[in-house]
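Take a look at the structure set out below.
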Number of protein chains: 2
Amino acid sequence: MVEAPRNTRQRRAVVAILEDLDGFASAQEIHDILKRRGESVGLSTVYRSLQVLADAAEVDALRNDDGEVLYRQCSAGHHHHLVCRSCGRTVEIEGPSVERWADKIADENGFRDVAHTLEIFGTCSSCA
Amino acid sequence: MVEAPRNTRQRRAVVAILEDLDGFASAQEIHDILKRRGESVGLSTVYRSLQVLADAAEVDALRNDDGEVLYRQCSAGHHHHLVCRSCGRTVEIEGPSVERWADKIADENGFRDVAHTLEIFGTCSSCA
DNA sequence: TTCGTCATGACAACGATTGTCAAATCAACG
DNA sequence: CGTTGATTTGACAATCGTTGTCATGACGAA
């Protein structure tokens, strides 16, 4: 029996930010936005909330080139991302043939418990 | 005019390790291996050597789930990797159709300066 | 060999993230 | 509603990979 997480002001605030944003953002960026809005939430709490959300698959997480983890509220189901390096704006993409290809490659080489990461980075038209 | 890097004992030692390994390894792992072999090289120097090699595209670098950067001496040209999560053993893979697909998606959405990351992780047969 | 420069290494500093723990807050229950 | 007890919070310290610093040492051209 898993405990339901409590419905706290802080967690609601983090979720609200994620709902407003349309792109990926780091924990620290989200923390800053909250501070700017006056709805201050401790940095540790932002990190913890995002972890909980990511574990529950309610948000997607990926690492940028600098090794920072970025979070985004995404639609359910497996998909990949086309992400603007500059503003974080994101387009969800699907690639069924890529999935099949990756699984086939792994299988041919005797690999088990296969997962793959696939992200496309670029500069979006607004940022160009 | 680019300065040619000096041919130092330390850089030779790092390259030698990379030549011996067939999989990805972190800077700290390489540092440990060097220490074990008695050919001690400062940790900073290991990091710097790997950076230089990565900038020169003589080694490939990728991040594992923990955010550590792993390095590997790879063949030239664009390719992806099937990496064992446990031992680092790596199979280089190519996916021309994936490349085209990624570029098309990015173009359709007006993204410029497009790059993509694609790695497949799994457990290899020896580690299963 | 000489000499200017680049590389090295011990160490400090950094930045993102995680751990700690007392105090505050939730929500169920009476 | 007030009590209650477990969960959550937040300020802060700690961690971990990595990068910066700078005096010392090693390369290699002349």
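Cβ from N, Cα, C; glycine included.
Taken from TrEMBL, the feature Fe cation binding site covers A:His78, A:Glu99, A:His116. Residues or ranges marked as Zn(2+) binding site in TrEMBL: A:Cys84, A:Cys87, A:Cys124, A:Cys127.
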Quick one: of the binding-site residues A:His78, A:Cys84, A:Cys87, A:Glu99, A:Cys127, which have a CB under 8 A from chain B's CB atoms? A:Cys84
Within 10 Å of the Cβ of A:His78 (Fe cation binding site), how many other Cβ atoms are there? 9
To the nearest whole angstrom, what is the C-alpha distance linking A:Cys87 (Zn(2+) binding site) and A:His78 (Fe cation binding site)? 23
I'm trying to understand the geometry here, so how far is the Cα atom of A:His116 (Fe cation binding site) from the Cα atom of A:Cys124 (Zn(2+) binding site), in Å to the nearest whole number? 24
An 8 Å radius from the center of the A:His78, A:Glu99, A:His116 Cβ atoms defines the neighbourhood of the Fe cation site; name the other residues of that chain inside it, in order. A:His80, A:Gly95, A:Val98, A:Ala102, A:Asp103, A:Ala115, A:Leu118
Taking the recorded Zn(2+) site as A:Cys84, A:Cys87, A:Cys124, A:Cys127, identify the other residues of that chain whose CB atom sits within 8 Å of the mean position of the site's CB atoms, giving them in sequence order. A:Gly23, A:Arg85, A:Ser86, A:Gly88, A:Arg89, A:Thr123, A:Ser125, A:Ser126, A:Ala128
Out of A:Cys84, A:Cys124, A:Cys127, point to the one nearest A:His78 (Fe cation binding site) in space (Cα versus Cα); all of them are binding-site residues in the record. A:Cys84
Let's check the environment of A:Glu99 (Fe cation binding site): how many other CB atoms sit within 10 Å of its CB? 14
Other C-beta atoms that fall within 10 angstroms of the C-beta of A:Cys127 (Zn(2+) binding site): 14
Note down the number of other Cβ atoms within 10 Å of the Cβ of A:Cys84 (Zn(2+) binding site), including every protein chain shown. 22
Given the binding-site residues A:Cys87, A:Cys124, which one's Cβ is surrounded by the fewest other Cβ atoms within 10 Å? A:Cys87
